[in-house]
Amino acid sequence: MKNNIVVFGAGGHAKAVIDTVERHGQYRIAGLLDSYKAAGTDVYGYRILGSEQYLADHREEIDGVIVAIGDNWARAGIVARITSHCPDIPFVTAVHPGAWIARGAVLGQGTVLMAGAVVNSDTVIGEHCVLYPNASVDHDSRTGDYVTLAPGATTGGNVTIGDFSVLSLGANAIHSVRIGEHTVIGAGATVLSDIGGYAVAYGTPAVVVRSRAAGERYL
Ligand SMILES: CC(C)(COP(=O)(O)OP(=O)(O)OC[C@H]1O[C@@H](n2cnc3c(N)ncnc32)[C@H](O)[C@@H]1OP(=O)(O)O)[C@@H](O)C(=O)NCCC(=O)NCCS
């Protein structure tokens, strides 16, 4: 295994993922893929090689890919496009050396842990999730796939967060609460009791302020 990977994405979020991959030290970034920026452009010291078709055309040279798109729904769309072009390509995880993965914790493929992120004992983080700097998920918790914990977002133990949901900047969820899928918990909120799916909730204590459709923008 040569450990040559490509990073899909070339925006601000991609810079943070690139830094995480570089510091992780497990992979060599062969270049970037992007749907909008032209092939041949240099971004953050790496060449844009093309889009998802590049993977299909150069499959034997590339050992893995990581999708560096911040929006959960958009990230899932790119993962689906990559998989349809290149069904056997592995999605790699990136873990900053300043992150902590406790005993028994599991990370799904494609997930990124940035500096200071903590996944505590026996917690399961799904696929293609992002834990930004200093985000923390305490023991025996479980997130679905395509979940974001923004910088400084934390949970207590035994918390469940559904697919595509977001715990925004500095938001906290106390032990044992359940947050449904496609839900956005606003910045600075304190979740004290269960919040259902397809909702926007914020405040202390967090309350649902409106419903939300899958894929609705939140950034
Ligand atoms: C919750 C959120 C998604 C916006 O929801 P929204 O329903 O679109 O809210 P709006 O921006 O239209 O604001 C509506 C009202 O709610 C208030 N409000 C919005 N977010 C709030 C929050 N997190 N806490 C308290 N009040 C909030 C606004 O001040 C506004 O109040 P007003 O009507 O008195 O003026 C957004 O405010 C938020 O918290 N985003 C998280 C950003 C983040 O963490 N980004 C990093 C991700 S990596």
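Placement of Cβ uses the backbone N, Cα and C atoms for every residue, glycine included.
In TrEMBL this protein carries:
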type	residues	note
DOMAIN	4-81	domain 'PglD N-terminal'
BINDING	Gly70	substrate binding site
ACT_SITE	His139	active site, proton acceptor
SITE	Asp140	site 'Increases basicity of active site His'
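A simple way to gauge crowding: the CB of Gly70 (substrate binding site) has 18 other CB atoms within 10 angstroms, across all the protein chains here. For His139 (active site, proton acceptor), the count of additional Cβ atoms within 10 Å of its Cβ stands at 18 [all protein chains shown]. Counting only residues at least six positions away in the same chain, the Cβ atoms of Ser121, Asp122, Thr123, Gly157, Asn158 sit under 8 Å from the Cβ of Asp140 (site 'Increases basicity of active site His').
For the domain 'PglD N-terminal' (4-81), residue counts in helix, strand and coil come to 32 helix, 22 strand, 24 coil, using DSSP.
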